[in-house]
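Peer 1: Supplied in structure tokens, the structure appears directly below.
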Amino acid sequence: MGTRLPLVLRQLRRPPQPPGPPRRLRVPCRASSGGGGGGGGGREGLLGQRRPQDGQARSSCSPGGRTPAARDSIVREVIQNSKEVLSLLQEKNPAFKPVLAIIQAGDDNLMQEINQNLAEEAGLNITHICLPPDSSEAEIIDEILKINEDTRVHGLALQISENLFSNKVLNALKPEKDVDGVTDINLGKLVRGDAHECFVSPVAKAVIELLEKSGVNLDGKKILVVGAHGSLEAALQCLFQRKGSMTMSIQWKTRQLQSKLHEADIVVLGSPKPEEIPLTWIQPGTTVLNCSHDFLSGKVGCGSPRIHFGGLIEEDDVILLAAALRIQNMVSSGRRWLREQQHRRWRLHCLKLQPLSPVPSDIEISRGQTPKAVDVLAKEIGLLADEIEIYGKSKAKVRLSVLERLKDQADGKYVLVAGITPTPLGEGKSTVTIGLVQALTAHLNVNSFACLRQPSQGPTFGVKGGAAGGGYAQVIPMEEFNLHLTGDIHAITAANNLLAAAIDTRILHENTQTDKALYNRLVPLVNGVREFSEIQLARLKKLGINKTDPSTLTEEEVSKFARLDIDPSTITWQRVLDTNDRFLRKITIGQGNTEKGHYRQAQFDIAVASEIMAVLALTDSLADMKARLGRMVVASDKSGQPVTADDLGVTGALTVLMKDAIKPNLMQTLEGTPVFVHAGPFANIAHGNSSVLADKIALKLVGEEGFVVTEAGFGADIGMEKFFNIKCRASGLVPNVVVLVATVRALKMHGGGPSVTAGVPLKKEYTEENIQLVADGCCNLQKQIQITQLFGVPVVVALNVFKTDTRAEIDLVCELAKRAGAFDAVPCYHWSVGGKGSVDLARAVREAASKRSRFQFLYDVQVPIVDKIRTIAQAVYGAKDIELSPEAQAKIDRYTQQGFGNLPICMAKTHLSLSHQPDKKGVPRDFILPISDVRASIGAGFIYPLVGTMSTMPGLPTRPCFYDIDLDTETEQVKGLF
């Protein structure tokens, strides 16, 4: 450090400053790369002020005392220690760059210069936020709140006038960034004796250290603190009392001031001395320190002629050491921040359950538990306030910026929940997922996150009801989970239908206008000038037209640019609706007079079948989502080339509609553990998995020893196969364990039991013990275990136990599952008792996750489309071969010719059987799998063959669930969801 430190206080009186800064000026001051290098004469200070030269005289108000070298040795020691600690932190964390922010309201830059110099010596970065002197309290607080939520800033100090130091301003600071120790929380911890957990006022600490370094024994000394207020007064009193001193605080206008000054061994001035108080009231030999706010801010000098007391400590010593101790606090703040970024067990307040028997309805259970405020949950799991967007009290969106903040954090363990071929009633994968995370976090104290799909309102009002889990293992509030949530599906519907409208509108306009008229409307005159938009320039580049001036295109280029020449018979993009409506499966559009006879047959799909939903589920960033949306192929032109959303010029608008939907939704389980609900593609007509982004964020938040449990739709043959071959390819993530959910009910069905129909009471075979049916049906469980083993991932079977299941049936299933190759098989009782009922499953999953995964894909994406379809049909479904319809073969040829042959396959098939026939239970054999059609989701990144007759728009049953759904108009409570 050498000669630089003595230069800092060459002047205590500053020359007149230039006019105040603008309303807000942020001046970043990057730290120097080295430590010592002496200060050079004429070196420019912050904001263009010249530092004092070595030869400049010190102000006459600085009275002798100890030599500058002796004074600076204390500061040098503090700064050197801070520098060494920071260097060690950066050795282990090279990307760590601690930043101190200083909010300055005024034009006096003395303290600013001191802080800058010392920060440079220690290796810190400083950002100054310069505000005018007349800034209001509200303006100061606004700046504080911005810095509080800036993850790049690790410490915050205020350099403002004393009249702005209100409780409201001081307590606006985040305690963990309050390096001056002025907030009530830091002061409270200091008073309580937890100095190691808080920041101590650098000024108060400087006073103590200077006294002790000067050889003053504080034990038994009478300390008088005069004119101090607020945080400084409290900190001084607390620190002096810790040293055994008798401390008294007094104000300047107190009657007994003269006698108290006369009795004191040490006097600490907390505010400027009034002119009428003579210095002669202080006994010669008394140690005096000036800590007044005006002096520390450089606004006043030493005042009238001085008495040289025997134990005088120079005022500038307090300034300089306080600044050094602020740097020390700053380094401590950075160290604490790094520690917070490392894996730790969450300090999660779990909600207690009081299970009832018989188990009430799902909505009664949900309503009986009061959820935590979602901002509290977010803080518990390590999210920052600026990383969440709160919707009401119980749900929030999480911003993708958390991935950047935690990019160096190791991922947790990744668990997939799949199932055997289900009954139409479902076998409880969501319930198992939630029960498992409740067991891990609430009962085993392991960080865990559930990642679930958002349910479509179609099935919610149709046949299935809610999808928030069930019993004492569900997401709450379940009515918010099952209905609109945060509007993601509505955003998808709007974006999808905007694109559909753009397609038909473009066909109409191209069919009714000349090339020139079309071009002039696509590139209109604005203020006499034609300009291409950004997306139009991209289309020109795609067409090989290297021009940017609309007036320079030839007639041929104008025609090429203006006409997409869409072949209506090749349009694959359909309108969508989030309602089960069978009468929209085939419609005619364009029959109005204004459409001039340009009508065609079309259809509606369920909203979650939209390719935009698949894009949302597979994207990993906003930029990636925009690129995927632009690549979506909606049709072919009349020469057989693909037409994309980019060609239609609608990509930017789609991205705007989806910009909030890309953020995962945070909710909680009944026991207060975190859940991400994000994206909800169907598993039979899409890839059936929640979003990649939700999984990636959750894996960072749980830490290396934590668990993220996500669910794949329907049976392992559908949802799990697509999870591995599509989602894992897109995300680059590798699962550690598969949990395979089975029920005695479903196994009895596969063993030859009567058909199971939604809304119809179960036959006695399902409610009474029947060992033979269970044993025969375990063939389906064994097949699904074998499918899992194709991918090299250990599998744990979770038997979701119903109240009618017997011990003999349960034991038989677990035994046969282990014989089939399962790592373990565990009965689960979470539905009736919550996470406590899945503790054995949680332990089995932890043990399985400790084993090495030998994950592998089922096929190479570079092989031909037909071969990939055949591999899935034979290896997963057990088919003898496949049969392509002429239409399917033509589509495969077209997609291959267009360059899409290297995409993975997403089979659209019934979920009720391993085959294409829903009534074929167990393990069908020797069947030929018919491929009736093949479609492409180029933006999502897969080809999807349609197996047999697959509807992409469900219908309502005779008695839909909406018969039971109602609203209490007095309490506004939803009734009838189950």
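A Cβ is built for glycine as well, from the same backbone N, Cα and C atoms used for every other residue.
Keep in mind the model is a prediction, meaning the values are calculated, not measured.
The feature ATP binding site is assigned by Swiss-Prot to Thr423, Pro424, Leu425, Gly426, Glu427, Gly428, Lys429, Ser430. Residues annotated as compositional bias 'Low complexity' in Swiss-Prot: 1-10. Swiss-Prot lists 33-45 with the feature compositional bias 'Gly residues'. The N6-acetyllysine annotation in Swiss-Prot covers Lys189, and the record cites a large-scale study or a structure entry as its basis. According to Swiss-Prot, the feature N6-succinyllysine maps to Lys189, Lys596. The region 'Disordered' annotation in Swiss-Prot covers 1-71. The region 'Methylenetetrahydrofolate dehydrogenase and cyclohydrolase' annotation in Swiss-Prot covers 31-348. As annotated by Swiss-Prot, region 'Formyltetrahydrofolate synthetase' applies to 349-978. Residues or ranges marked as transit peptide by Swiss-Prot: 1-31.
Are these features on the surface or tucked inside, and what touches them?
Peer 2: For Gly428 (ATP binding site), the same-chain residues lying six or more positions away in sequence with a CB closer than 8 A to its CB are Gly470, Val741, Thr743, Asn800, Trp831.
Cβ neighbours within 10 Å of Lys189 (N6-acetyllysine), excluding its own Cβ and spanning all shown chains: 19. In the three-state DSSP assignment, the secondary structure recorded for Lys189 (N6-acetyllysine) is helix.
Counted within 10 Å of its Cβ, the other Cβ atoms near Lys596 (N6-succinyllysine) come to 11, all protein chains included.
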Peer 1: With every protein chain in view, how many other Cβ atoms are within 10 Å of the Cβ of Leu425 (ATP binding site)?
Peer 2: 17
Peer 1: Take the C-alpha atoms of Ser430 (ATP binding site) and Lys189 (N6-acetyllysine) and report the distance between them in angstrom, rounded.
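Peer 2: On Cα coordinates alone, these residues lie 44 Å apart.
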Peer 1: Taking the Cβ of Lys429 (ATP binding site) as centre, how many other Cβ atoms lie within 10 Å?
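Peer 2: Other Cβ atoms found within 10 Å: 26.
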Peer 1: In Å, rounded, how far does the Cα of Lys189 (N6-acetyllysine) sit from the Cα of Glu427 (ATP binding site)?
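Peer 2: Pair distance, Cα basis, whole Å: 52 Å.
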Peer 1: Where's the emptiest Cβ shell within 10 Å among the binding-site residues Thr423, Ser430?
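Peer 2: Checked Thr423, Ser430; of these binding-site residues, fewest Cβ neighbours within 10 Å: Thr423.
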Peer 1: Can you count the other CB atoms that lie within 10 A of the CB of Glu427 (ATP binding site)?
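Peer 2: Within a 10 Å radius of the Cβ of Glu427 (ATP binding site) lie 24 other Cβ atoms.
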Peer 1: What average pLDDT does the predicted model assign to the region 'Methylenetetrahydrofolate dehydrogenase and cyclohydrolase' (31-348)?
Peer 2: 78
Peer 1: For Lys429 (ATP binding site), which DSSP three-state class applies?
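Peer 2: Looking at the DSSP assignment, Lys429 (ATP binding site) belongs to a helix.
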Peer 1: Please report the distance from the Cα of Pro424 (ATP binding site) to the Cα of Lys596 (N6-succinyllysine), rounded to the nearest angstrom.
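Peer 2: With distance taken Cα to Cα, Lys596 (N6-succinyllysine) is 46 Å from Pro424 (ATP binding site).
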Peer 1: Can you tell me how far the Cα of Gly426 (ATP binding site) sits from the Cα of Lys596 (N6-succinyllysine), in Å?
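Peer 2: Lys596 (N6-succinyllysine) has its Cα 48 Å from the Cα of Gly426 (ATP binding site).
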Peer 1: Among the binding-site residues Pro424, Gly426, which residue has the fewest other Cβ atoms within 10 Å of its own Cβ?
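Peer 2: Each of the binding-site residues Pro424, Gly426 was scored by Cβ atoms within 10 Å; lowest is Pro424.
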